[in-house]
Amino acid sequence: MGLPEERRKSGSGSRAREETGAEGRVRGWSPPPEVRRSAHVPSLQRYRELHRRSVEEPREFWGNIAKEFYWKTACPGPFLQYNFDVTKGKIFTEWMKGATTNICYNVLDRNVHEKKLGDKVAFYWEGNEPGETTKITYRELLVQVCQFSNVLRKQGIQKGDRVAIYMPMILELVVAMLACARLGALHSIVFAGFSAESLCERILDSSCCLLITTDAFYRGEKLVNLKELADESLEKCREKGFPVRCCIVVKHLGRAELGMNDSPSQSPPVKRPCPDVQICWNEGVDLWWHELMQQAGDECEPEWCDAEDPLFILYTSGSTGKPKGVVHTIGGYMLYVATTFKYVFDFHPEDVFWCTADIGWITGHSYVTYGPLANGATSVLFEGIPTYPDEGRLWSIVDKYKVTKFYTAPTAIRMLMKFGDDPVTKHSRASLQVLGTVGEPINPEAWLWYHRVVGSQRCPIVDTFWQTETGGHMLTPLPGATPMKPGSASFPFFGVAPAILNESGEELEGEAEGYLVFKQPWPGIMRTVYGNHTRFETTYFKKFPGYYVTGDGCRRDQDGYYWITGRIDDMLNVSGHLLSTAEVESALVEHEAVAEAAVVGHPHPVKGECLYCFVTLCDGHTFSPTLTEELKKQIREKIGPIATPDYIQNAPGLPKTRSGKIMRRVLRKIAQNDHDLGDTSTVADPSVINHLFSHRCLTTQ
């Protein structure tokens, strides 16, 4: 794992102490004393006490935390009821059912009126261009959310309605999602990097009656005409018999055209004017955000909702190719993201927190919006990318806002490693106290660089494992309590009871490797797949009745640390984003030249994993560079740029079993030029394998 090398670099001056086992091997870094002194959980013993109580007495543990929030009416019945066993009936989880609350009221109104945080900065907004900056206080955010809630009400949005949001990382995105929550409407946020086809699919799946979007935005040097994509998506919806009745548009790149009194927020005009962006306007459907906000009152009574009412739908890739609408509910999600944020990042009131994730992903929902706001935190909201205008952008922002807690993805760390230490070390970073990673397992080399260069060997790293489906962190170190092992997500968070199962469903004790499952519910667990509870039960509970099945492999070492080994199902993790092989394959075979396709993951030095595609062509078609580019373009349009393959190989035949099943295990070996194929006795035509090896793409790893 590179630990001895890191030990040499540490020297006697390192404040992150190393622990050495009986055999002299490095076992991990202890939290620095200065972190422990002020930590909410200052020792491993204290963590173990709290974790044991949270698992053995979940109702009492979470009941005490629930007292920190406002409930319009108390829970009238059992605090927790659930069934994880498909053989005993319907799968369900209910926390505090019958209690009523509103998450927007808890994260805004209470912070302003009860906790007197009205003048505290909620977000520092940093635009794509350096110098495009603004800030918004809790009081200002509450006013804007109330105004936009009134806008939505005037458009007929009611409790239970679904609202699609397709926006870049601007303040209006936070305002829009909180306004939905205030009304009891479900927001369905679609990442602004997704295609018009993907947006259409998500609008149709949950029957969204309104779309909120933006004129356009820059991502680094690239101009994204988001309104054009939104229009294309709404046209596709109309063609399929579902006209969306209203589209509200934020004038973001065109903000400079607005008078000072017209601007709905404090966002400044963008520094790079964009006269070339042509916005098509659909009368009767399109409405300008700023015009609606001018007419809206700044007070809006929240809708009081059951703790088990849905809060939002967020789509994640499914192994069948059709995205799953993950449903999270109000009460349990609120408790869980607030608690994980407080303890995992060891949050204190003076902190400035920065999670670099886009709000279009679950990390952004939980740790850009809801978790920080529930704790009254000040956060950074960043529109740009880590390498624009230079490779030191992140660290200049850290210094600018004196960021104390920083949370990013391993893929970003690996990308920045390529540019060396200088872009990092020329900035102070003295404010940093805790670093975090999310999205995929971090390889030890990247962990060591992050620790040594970014954190100057004085910042604990919280390597967090969780999923869209879990709502918040599941396995994670705690900054003041957990000795860190590079690459390990370490131990379960409060309320989380992990187990490792073998193929027969038997729990493995001690050192073991197998399927990672969870034995009991935590408040943040998803409740269903929108409109398809059977799929929810089949995906997460059918394989091993009585357990929530993550779909990830896991290893537990002799010290009890958990190490995520990767997806067990046909899913790919590209730059921290989960992609379905079936979804990519479907996009490929829609091309007239492609008869059959198979997609596997391939190691990538920056993305972690990239797509390697095998395509079998229809008669009369020839494989060529032009066709390769056409296929890549088709995938970008159908799914989004994140799914663009790195490699596409011509495959006259695919290795299949005699029953016709494609042997993806063999294809993964071919992609990596690994001739150790294991048992191939079930391959119907072994000659196919030799041909694919001899014609494989030249890969970089």
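Here, residue 1 is simply the first one shown, and the rest follow in order.
From the backbone N, Cα and C atoms, a Cβ is placed for every residue, glycine too.
Among the candidates R452, R535, R567, the residue that Swiss-Prot annotates alongside G439, E440, P441, D463, T464, F465, W466, Q467, T468, D552 as binding ATP is R567. Checking K159, K240, K661 against Swiss-Prot for the annotation N6-acetyllysine singles out K661.
When the ranges 227-239, 383-395, 500-512, 656-668 are checked against Swiss-Prot, the one recorded as motif 'Nuclear localization signal' is 656-668. Rounded to the nearest whole angstrom, the C-alpha distance between R567 (ATP binding site) and E221 (CoA binding site) is 34.
A separation of roughly 23 Å, to the nearest angstrom, links the Cα atoms of T468 (ATP binding site) and R636 (CoA binding site).
Taken together, the residues of the region 'Interaction with TFEB' (1-107) have an average pLDDT of 82. Calculated from their C-alpha atoms, the gap between K222 (CoA binding site) and T464 (ATP binding site) amounts to 31 Å. Cβ-based neighbour count (10 Å, all protein chains) for G439 (ATP binding site) stands at 24. Reported as a whole number, the C-alpha separation between T363 (CoA binding site) and P441 (ATP binding site) equals 15 Å. When secondary structure is read from DSSP and collapsed to three states, P441 (ATP binding site) falls in the coil class. Checking each of the recorded positions S30, K418, G439, T464, W466 against R636 (CoA binding site) by C-alpha distance, the shortest gap belongs to G439. Mapped onto three states, the DSSP output places R567 (ATP binding site) in strand.
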